[in-house]
Each structure stands twice: as structure tokens, then as C-alpha cells.
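Annotated in Swiss-Prot:
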type	residues	note
ACT_SITE	E95	active site, proton donor
ACT_SITE	E233	active site, nucleophile
CARBOHYD	N317	N-linked glycosylation site
Amino acid sequence: IGVCYGIIANNLPPRREVVQLYRSKGITNMRIYSVQPQAIRALHGSGIRLMLGTTNNDVAVLAGSLSAATSWVHANVKPYHSAGVTIRYIAVGNEITGGAAQSILAAMRNLNKALAAARLGGIKVSTAVRFDVITNSFPPSSAVFAQPYMVDIARHLASTNAPLLANVYPYFAYSGNPRDIKLNYATFQPGATPVRDAGNGLIYTNLFNAMVDAMYAALEKAGAPSVRVVVSESGWPSAGGFAATPENARAYNQGLIDHVAHGTPKKPGHMEAYVFAMFNENQKPGLETERHFGLFYPNKRPVYHINFAGGRLAPVNHTNSHGFGGH
């Protein structure tokens, strides 16, 4: 399991203390959304592996020339790799939409070339997408990518053996459609009515599995069945809006942590996921819930108790689904 380290706040602890908090909780993977030299340097010798993001503003520049990508790699990857920091993934932007999304693939290609030239080809380059890059998401087997550019990205990921990074939020699907989606089903709790995918017979007992398998179905239809999904963000707010309570947030995030060892009905086995987020971020724009996704307050006190080791759940029931809107 990993945890996303966002910094849209004015009251967060020093970077080194953040890394110490990750280590003390046994969190072995970190996602950051831009190059933070202090945080990356603090990872040296920590055993924590990094998903490093480019900013969305970087993407057009990286797409524009190989030399820009080469400069970015030499400034932002090579020094830290040489110092012993394990960078696993580079995320080319986060939830880029509209016309800017057309630059993602060129930026990924240039970064792949720059990494290979720097003998850093083991670092996988991808992009982090919103769930709504797919449409027809229920039943999961009917899902397809909504835009042609995603088909091209999927095929490129297959050619480089890189995963698709997907931000998957049952919270938003549930809060947008509580009439049809039950809270237990959205939060990994027992008692949810299983729902069968008529397209392939698989049965779903939680919304997260259905959403991830919808991504897999879209990848298959794009001609990229070998691409695995890494859940690059998932979480539940503890305050600020509908169903946003510490109890629900704890149920969801603990359920997610316990769940990742078992995979989904379509892709059983270990999966990789990053909880959003480490801290409540008091300067995040948008709805009030956006400022309450943290596992910890800025003073490092937990918002609710989480066991990061996980392991509570039984394996996935592979013959067992529930509907959800296209969020």
C-alpha cells in the first residue's frame, strides 16, 4: 500500500518528519505530485519507494521536445536515483482533461527516451487518470475509453510494460447516487447485496472492485489487455460533506488496505493502491470535503485509527456486483 503526500496546505510538518511518519507506520510507497527536493532527499535510506509526478503545466513542455524531457530527467530523477532513492513510476500529470490531454502521450514518449538514455529505463512512465476517462462503466465488462487519446495511451503503456495509473473514488460515485448505491457496498463493509455482471458472470461485493475491473475492461477493448491498473489515488473524506465521517472514512480506507492483497474478481492476486491522502490539506480548492481526505492532521495526530499492515479480509469471491454511476 502507498499513501499520497499532497502539500496544498500552509501548516504541514517538515518534509523529513513526514518521511519519518511514513516509516513509523510501515508505509512503503509514497506518491508526490511535483518534484520536492527536500522530501525526495529525505527518502534516502528509508526503504520507501516513490511515484514522482510531473506538474500538469510540465506536460506541454515535456511533449514539445526530447531535450526538455532530457533536462527534466537530469534535474529531477538522476541525482536522486544516484543517491539511492527508489523511483518506481513517473506520473505525467494528474487528471489532465480537455485539449491538454492530447500532449500526454508525446510527453510520455519523450520521458521514456530520456530515461533510457540515462540508463534509468526501469522507471515506468504513465499518467494518472480520472475514472471518467471511461464510459459505460456498469456493468464493468461494458466499459470503454471515452476518448481516442486514451486508446493510444493504453497501447503505449502495453509496449513499455507500464501500468495505467487510475484515481478510483467510490466515495464520489456513492455521494452522487446514494439511492442506487448502498453505503456498505461503497465502503467494503459486510452485508452488501452481491451484483452479477451479466457480461461475464463475475460477482461484485464492493464498488471499488467494480470500478477497477471497469478500467481493465476498457484496457482490453483498447487492445492493451496486458496493462495492469495501479490505483494511484483512492480515499474517503472524514468531514465536510455527505457521508463524510471519520467512521465511514476509516471503514473505507481500512477496507482498501485490507483488500489489496486479494485483487479483483477479474484480476485476482496482489494489487497496488495509494490512499489519498497523508494529511488534511487546508488550502485545497473545491468542495469542503477536499480538505478532509487526510489520514493525519498536520500535527501528525491520526484522524482515525488505521492498521497499515492490513490482512483482515478473506479472499475475493470470484463468482460474485452492484451498479454504480459513471463517476
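Positions of Cβ are set from backbone N, Cα and C atoms, glycine also.
Sorted by the number of other CB atoms within 10 A, the active-site residues E95, E233 start with E95, the lowest. Put simply, E233 (active site, nucleophile) is 11 Å from E95 (active site, proton donor) when counted between their Cα atoms.
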